Amino acid sequence: APPRASNGSREGAAGTWLRTQLAPGEVITAQSGVFERDPQESSTTDEELSRAGSPGSRGGSGSSSTTPDYGEKRLPQALIIGVKKGGTRALLEAIRAHPDVRAVGTEPHFFDRNYEKGLEWYRNVMPKTLEGQITMEKTPSYFVTNEAPRRIHSMAKDTKLIVVVRNPVTRAISDYTQTLSKKPEIPTFEVLAFKNRTLGLIDASWSAIRIGIYALHLENWLQYFPLSQILFVSGERLITDPAGEMAKVQDFLGLKRIVTEKHFYFNKTKGFPCLKKPEDSSAPRCLGKSKGRTHPKIDPDVIHRLRKFYKPFNVMFYQMTGQDFQWEQEESDK
């Protein structure tokens with residue numbers, strides 16, 4: 001059966017709940033149109049993409065290991081669609097260590113910013129693969145882009161989707177920290193997080209807050225894709241147990257479990273696992289200096305209010321996915 005059409009009259013449970021959290025007249029639903037582009041999100045330039053898709057690029061910009069100049073460019077069978085500051089780069093780097101995966105290192109932003117360029121342009125950005133290899137890409141902003149589910153479904157309705165999720169409060173602070181590093185003059189997190197701090201009214205229109213309302217965005221995807229085609233990866237466990245999370249990812253993609261604990265080394269300074277090839281004696285490859293930035297100290301009262309704001313959405317998300325990410329448990333342990 002064709003997917004249920006997205007229209008302005010339908011409002012899911014998450015949208016209804018969110019409306020009760022906002023001031024009168026301020027409604028945000030999964031159908032409320034394209035979420036605006038956050039200029040601070042790491043982006044891929046057209047120049048990088050044209051280099052990725054040019055002949056002689058030997059498999060695309062940043063594809064895993066050197067791919068011989070044979071095979072063919074295929075549209076991706078699997079996409080990492082989100083979420084920003086959830087751990088998507090760490091996941092991409094880890095899955096690229098698998099010999100049966102070829103992935104674009106840059107973010108194509110096809111289904112949100114470059115869709116008018118057409119599928120042939122998109123295919124040309126992909127690395128060359130041999131029969132049996134999986135082509136992948138990651139663009140974290142897809143998860144919050146209203147048109148992305150319909151567009152991906154029209155490309156291939158059996159596309160496998162991976163979403164890396166993380167405690168939405170920590171994710172919002174990480175998002176703000178990234179913006180702050182590029183624009184030190186922006187207001188404090190506390191100022192941006194509220195429409196009215198006295199009334200405790202959270203500003204759910206600020207992208208740093210809105211991205212973490214996972215249940216709201218997921219409603220949009222479930223109109224086009226069954227849950228069985230979406231894998232939710234825990235950003236927290238990707239740090240504490242990378243091999244365990246990667247086992248799930250490989251199973252989901254139908255791959256042999258080749259990326260295992262032998263591939264990871266924990267860097268105590270950064271507080272992140274680093275990737276190494278088991279047969280390789282060279283130094284482990286860690287994520288760049290932009291990852292693992294020290295977060296600014298946030299007023300505990302603001303964190304408490306944000307936890308209260310997110311809790312019903314988190315519970316809804318757990319019910320929708322059938323997975324308990326234990327973010328509330330994690331907070332009570334602190």
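For all residues, glycine too, the Cβ spot is worked out from N, Cα and C.
In sequence order, P140, R166, R171, S174, D175, Q178 make up the list of same-chain residues 6 or more apart from K85 (active site, for sulfotransferase activity) whose Cβ falls under 8 Å from its Cβ. Taken from TrEMBL, the feature active site, for sulfotransferase activity covers K85.
Look at TrEMBL and you will find K85, G86, G87, T88, R89, R166, S174, K291, G292, R293, T294, H295 tagged as 3'-phosphoadenylyl sulfate binding site. G87 (3'-phosphoadenylyl sulfate binding site) is surrounded by 28 other CB atoms, counting those within 10 A of its CB over all protein chains shown.
The disulfide bond annotation in TrEMBL covers C274-C286.
If you look up TrEMBL, you'll see 1-73 marked as region 'Disordered'.
Calculated from their C-alpha atoms, the gap between C274 (disulfide bond) and G87 (3'-phosphoadenylyl sulfate binding site) amounts to 13 Å.
It is 16 Å from the Cα atom of T294 (3'-phosphoadenylyl sulfate binding site) to that of C286 (disulfide bond). You'll find the Cα of R89 (3'-phosphoadenylyl sulfate binding site) roughly 11 Å from the Cα of C286 (disulfide bond).
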